[in-house]
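Notes to accompany the following structure.
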Amino acid sequence: MSMNWWRDGAAKKRMDESSAVKLQQQQCVALIVGVTGLVGNSLAEMLPLSDTPGGPWKVYGVARRPRPSWNEDHPINYISCDVSNTAEVEAKLPPLSDVTHIFYATWTSRSSEEENCEANGKMLKNVLDTMIPNCPNLKHICLQTGRFHYVASVVDWKINGSHDTPLTEDLPRLNTNNFYYTQEDILLEEVKRKEGLTWSVHRPGTIFGFSPYSMMNLVGTLCVYAAICKQEGAVLRFPGCKGAWDGYSDCADADLIAEHYIWAALDPHAKNQSFNVSNGDVFKWKHLWKVLAEQFGVECGGYEYEEGQQVRLQDVMKDKGPVWDKIVRENGLSNTKLEDVGKWWFSDTILWNECRLDSMNKSKEHGFLGFRNSKNCFLYWIHKLKAYKIVPSSTIS
């Protein structure tokens, strides 16, 4: 996808001349926390480019695991660091004293929302407690949360429910535990420690992007499902509810979110604000399902379940590890295990619920005019997964 988004008007450049001069005089240095995630990987690819605003950026990328092969071609300084470990953060991050912008795009999952709040709050606080005092030129912190900001947890759903759509940034918080609220509160408190330090919060919906490591990689998960159906000669049936099949959905392209980050980090009109992020169009899964089937040469099924019946990929795919191992061997794919690339819980969460659409008006009003065609976006990330040999290149002959 084209990265000329700023110059070509995907974001309306409204910096005054003095801001532009300051940007040219000082190199932008990024710390991407969660660099192997969907958005982190896009940032790592985009920031070092010479035509990226503020670019080429110097980039540090932090992730818990050793650097994967599919991330090695990005010209960044990779640091393996578990940000939930306070001692490890305090040992590895202080030398990064030239950082000017932090892009925080990672999270962890626990068995309850109370534990999610504690674990994710600690991770963010570890990073900010270490970086803010040690980075004299730190200017801005971008925090990625998500659309679940507007939705109660499963446990609290019957009591607190969700806001009516379209979801807008000025809606009040729900009376429920939500680790996104915890993270925002920590961010707003931490930035007070340094005069002039600004922040932005980014709330994407379902992300279409590339990361075999992501816990929320919907495109990759559906590609793995399609490849297994192809291998077994099965029909590609839609594992979701009728509302998702027939109703309108939206998504957020990982590259678009990265552009949104960079815009907010550099444009004064975006400082100290929370923003939704989505492609700006809508689609129906019954249309994208045909695209997925064509890409893997498999017979396209549809919504074929009796009322009240639920078929979930967590159940259907639980014994398919040996099938995936065979697909990997026969197609010369990257050596992955099914549990690494198939995030069935997440696809079940998305496809067994009707999409709750958001509004991008606030971003537009503040100067960000970026958008994506969601069908083209879906195809783009499928092709990238094939190119990096994460999934087979099967198509209809």
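The backbone N, Cα and C atoms fix where each Cβ goes, glycine too.
Taken from Swiss-Prot, the feature NADP(+) binding site applies to 36-38, 64-65, 82-83, 106-107, Gln144, Tyr180, Ile207, 214-216, supported by similarity to another entry. Among the features that Swiss-Prot reports, active site is placed at Tyr180, with the record citing a curator's inference.
Burial estimate for the binding-site residues (Leu38, Val83, Met216): highest at Leu38, by number of other CB atoms within 10 Å. A 10 Å cutoff on Cβ-Cβ distances gives Ser214 (NADP(+) binding site) a total of 24 other Cβ atoms nearby, all chains included. Residues within less than 8 Å, Cβ to Cβ, of Trp107 (NADP(+) binding site) and separated from it by at least 6 positions along the same chain comprise Gly34, Asn120, Met123, Phe179, Met215.
For Tyr180 (NADP(+) binding site), the count of additional Cβ atoms within 10 Å of its Cβ stands at 22 [all protein chains shown].
Summary for the binding-site residues Thr36, Arg65: the Cβ-based neighbour count within 10 Å is maximal at Thr36.
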